[in-house]
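Remarks on the structure that follows.
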Amino acid sequence: AAHPESSLLSVRSKVKNGKLYLATFAAVLGPLSFGFVLGYSSPAIPELMNDANARLRLNEDQASWFGSIVTVGAAVGGLLGGWMVEKIGRKVSLMLCALPFVFGFTIIIAAQNVFMLYVGRVLTGLASGVTSLVVPLYISETAHERVRGLLGSCVQLMVVLGIMGVYLAGMFMDWRWLAICCSVPPTLLMVSMYFMPETPRYLLFHGKRQEAEDALRYLRGPDAPVEWECARIEDACGEQGSSFRLSDLKDPGIYKPLMVGVMLMAFQQMTGINAIMFYAQNIFEQAHFQNSDLASVLVGLIQVVFTGIAAVIMDKAGRKVLLVISGAAMIVSTAAFGVYFYLMSKPAVGAEPHQDLTWLALASMAVFISGFAIGWGPIPWLIMSEVIPIRVRGFASAAVVLTNWGMAFVVTKTFQNMMDGLTSAGTFWLFSVMCALNIVFTIFFIPETKGKTLEQIEAIFRGTSGP
């Protein structure tokens, strides 16, 4: 469709995004629930380790599993979600993933022994995996290209809000009441998604033209040219042909975006974000912070603020610029962390050892977390949902989400061994090198996706210039 620029502007001015924001708000209740799951272990573990009931009391090893078994559930959830979004659609998948959230937290509330706690964590992890796949897809397929970056970044924003919310609530509630509170967002998710439309791209891909137009009319307002947008999406679907077969992986229009998605997730975990968050408590204790609960809330707050900033400037600054700035901040801060640990390991002269160095650890931590939150936190999830072609959405997104959770598990589980083998300083310098690789990868392999329609992005990878 050859539209001169002027008519494009008049088309855009007729688009009303109010209902789109509503649909996004319903969908991001999913990531909020998943933030609650991720953050839940932090206040709950200390209480469970000192629980009066001997059958519920966790030892060191069990506590580490209580924290990390979620990632195992989430990896399985990623695979399950990839199958679900193709078979039953984006909307119903989202409504269904509320069930394991609520069941999981119910089992935790009713737990009689450690095994039940594990089962509850695996179920909530499973739900988190499905959510982390479905919500970015739902948002990218419903959003107008001018606000897709803003809305897509809300996924990570809600995750960090959820984490901070649990840290805060954990200061005032015991672990059972906390689990009860955590089952509220998924319940709301299920109810509110019932009233939202399926994504137009899913409907068109399955040949439901009329429903797709209705969905678009709901999302874009009554005056928007939905027939034109439908036609544009249909053209792209038509070029792509039918469903996915493994032989399609030879097609550069498919393996390139898949590699971009997988590498982004691998690199996101190799920055060491999970290890650092995991280690935050110890760092604050070494810095002699009396109230390490409050410190965790502060960490959460930094994340929320900077993810919010990223969301607001995402569609103006573009994805690549933010990834590079973010990578640079993490190079500097992980290197500084390494220096801190290196100096700490050298014997001190005088009575009071290294007391003046704690500011270095705290400053590095603040820079690292704000750096991560402004780029490498939200953007891999956003780009994953933008670059993957529509007919391989299920399979490819599952591969990408599986990479993320698998790497998260590996990094968190091997972190302690790395600290022993390479020393603390060596480990953080390794993270620093990884962040430098991130930047190189970003500059050479990631296309800028801001302001382009999903169909135009697919065309970039196919090497044709799209409509």
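Each position is counted from 1, following the chain as shown.
Just so you know, glycine gets a Cβ as well, placed from its N, Cα and C.
Listed features, source TrEMBL:
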type: DOMAIN; residues: 19-450; note: domain 'Major facilitator superfamily (MFS) profile'
type: TRANSMEM; residues: 20-43; note: transmembrane segment
type: TRANSMEM; residues: 63-85; note: transmembrane segment
type: TRANSMEM; residues: 92-112; note: transmembrane segment
type: TRANSMEM; residues: 118-138; note: transmembrane segment
type: TRANSMEM; residues: 150-169; note: transmembrane segment
type: TRANSMEM; residues: 175-196; note: transmembrane segment
type: TRANSMEM; residues: 258-279; note: transmembrane segment
type: TRANSMEM; residues: 294-314; note: transmembrane segment
type: TRANSMEM; residues: 321-345; note: transmembrane segment
type: TRANSMEM; residues: 357-383; note: transmembrane segment
type: TRANSMEM; residues: 395-415; note: transmembrane segment
type: TRANSMEM; residues: 427-446; note: transmembrane segment
Distant-in-sequence neighbours of the transmembrane segment (20-43), which means Cβ under 8 A and at least six residues beyond its ends
66-67, 70, 94, 97-98, 101, 104, 121, 124-125, 127-128, 131-132, 134-135, 138-139, 142-144, 147, 151, 154-167, 169-171, 175, 178-179, 181-182, 185-186, 188-189, 192-193, 195-197, 219-220, 281, 293, 296, 300
Near the transmembrane segment (357-383) in space but 6 or more residues beyond its ends, with Cβ under 8 Å, are 132, 136, 140, 148-149, 152-153, 155-157, 160, 260-261, 264-265, 267-268, 271, 273, 276, 280, 283, 286-288, 299, 302-307, 309-311, 314, 319, 322-330, 332-334, 336-337, 339-340, 343-344, 404, 438, 446, 449
Looking at the domain 'Major facilitator superfamily (MFS) profile' (19-450) alone, can you tell me the average pLDDT?
89
